[in-house]
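Right, one structure below, let's go through it.
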Ligand SMILES: Cc1cc2nc3c(=O)[nH]c(=O)nc-3n(C[C@H](O)[C@H](O)[C@H](O)COP(=O)(O)O)c2cc1C
Ligand SMILES: *[C@@H]1O[C@H](CO)[C@@H](O)[C@H](O)[C@H]1NC(C)=O
Ligand SMILES: *[C@@H]1O[C@H](CO)[C@@H](O)[C@H](O)[C@H]1NC(C)=O
Ligand SMILES: *[C@@H]1O[C@H](CO)[C@@H](O)[C@H](O)[C@H]1NC(C)=O
Ligand SMILES: *[C@@H]1O[C@H](CO)[C@@H](O)[C@H](O)[C@H]1NC(C)=O
């Protein structure tokens, strides 16, 4: 049997590069094969986060889905964000008491309490997935007690989103800032007046993103400016508000160190979900670079990360290096086709997976996870 398979593999070119799977095959195509295009499955049919991608692709007009799914150029960074996690094997420890793992998920993000070290990354145009757009994301985050970062380019305004907050709900407002100080001051003041607890200044988009798939459907980036974003400008912005201004889109250890030097309270390692610069590294690769060259950064400031996170074990790999909280973008935008219930389910899924994966990894306390739980020499799984 084995030699037959071996021959069959050779004959079929089985040693060629493995095919990219946007969602690995876990049977959803078989179980939902009779579901008519343009209809939603039942939420109970959703087992893991990748199923939300399947459901949104099946249900939404192609244009809407494409806006969310798109990556820059040939989408190599988009794919790498998903695949990179599997190049690093876990090193599970056994005979460890893990029975209290769930009670160790709660954490703080910039001093605010949350039920888990995860957050909803800022994504524009929530109404492409559901009429209530960002309001669902906000309400789902409140129900699950996790952090939400509304995007400036949301379908609802800063004020409309703020008005729908739960009592005491913490949100970090994402902004794109230009060198027009009048506009910058206005955005900072509106965020403050709306009760935002921090500003997330996105710095990975100095120029327009090169988005082929999106342009084909007329849903590419509308930003055609070259934006003035420098460390001098950061200094100025941080004097224009009393809110903490964190930076989103750090992609090298060099800039992580400069962020420390420039007294940035927290950074988000991110390549914008592979939507800006094809060839930019995944946040896991950046976290590894910091771990190798300047691990003190993880202690000097809070470091968050996002991009391609779909499973509990992905979160664990980032946390093990010293990342304090992990963001997810597309999974929540796709979950939003089910409304607030979809967001709540997505949060439950990832929280449950973090707990059971940590337990099987032999981590009894999430605070105590460290780099020894991962083999940091990449394997050759692509071969
Ligand atoms: C549809 C979409 C819109 C986005 N819009 C923004 C945005 O307006 N501002 C921003 O800083 N990041 C934006 N991002 C990037 C996300 O904040 C986040 O970095 C990325 O989605 C993480 O990768 P993931 O989707 O694989 O989880 C967007 C991402 C997507 C998918
Ligand atoms: C959803 O579940 C209900 C009740 O089990 C069932 O009747 C219905 O066919 C399901 N819908 C889809 C789209 O699978
Ligand atoms: C956050 O949690 C800590 C520890 O459980 C608690 O002492 C503190 O009061 C909480 N802070 C807020 C604002 O709820
Ligand atoms: C697709 O996006 C458009 C534009 O935001 C929106 O009006 C429409 O409701 C969306 N379709 C669905 C099914 O959500
Ligand atoms: C800056 O923005 C304000 C408000 O939008 C506008 O009135 C002004 O003309 C802009 N200044 C420059 C130099 O573009």
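Cβ from N, Cα, C; glycine included.
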Task = Report the candidate from 169, 173, 174 that shares the FMN site with 122, 123, 124, 202, 248, 270, 306, 307, 308, 309, 310, 329, 330, as recorded in TrEMBL.
result = 174
Request  = Sorry to bug you, but what's the C-alpha spacing from residue 272 (active site, proton acceptor) to residue 309 (FMN binding site), rounded to the closest Å?
outcome  = 12
Inquiry  = Just to verify a number: CA distance, residue 272 (active site, proton acceptor) to residue 307 (FMN binding site), in angstrom, no decimals.
reply    = 7
Request  = Select the most exposed residue of 202, 270, where exposure means the fewest other Cβ atoms within 10 Å, treating these as the binding-site residues.
outcome  = 202
Request  = For residue 202 (FMN binding site), find which of the binding-site residues 67, 176, 211, 275 come within 10 Å, Cα to Cα.
outcome  = 176
Query = C-alpha of residue 329 (FMN binding site) to C-alpha of residue 67 (glyoxylate binding site): distance in Å?
reply = 13
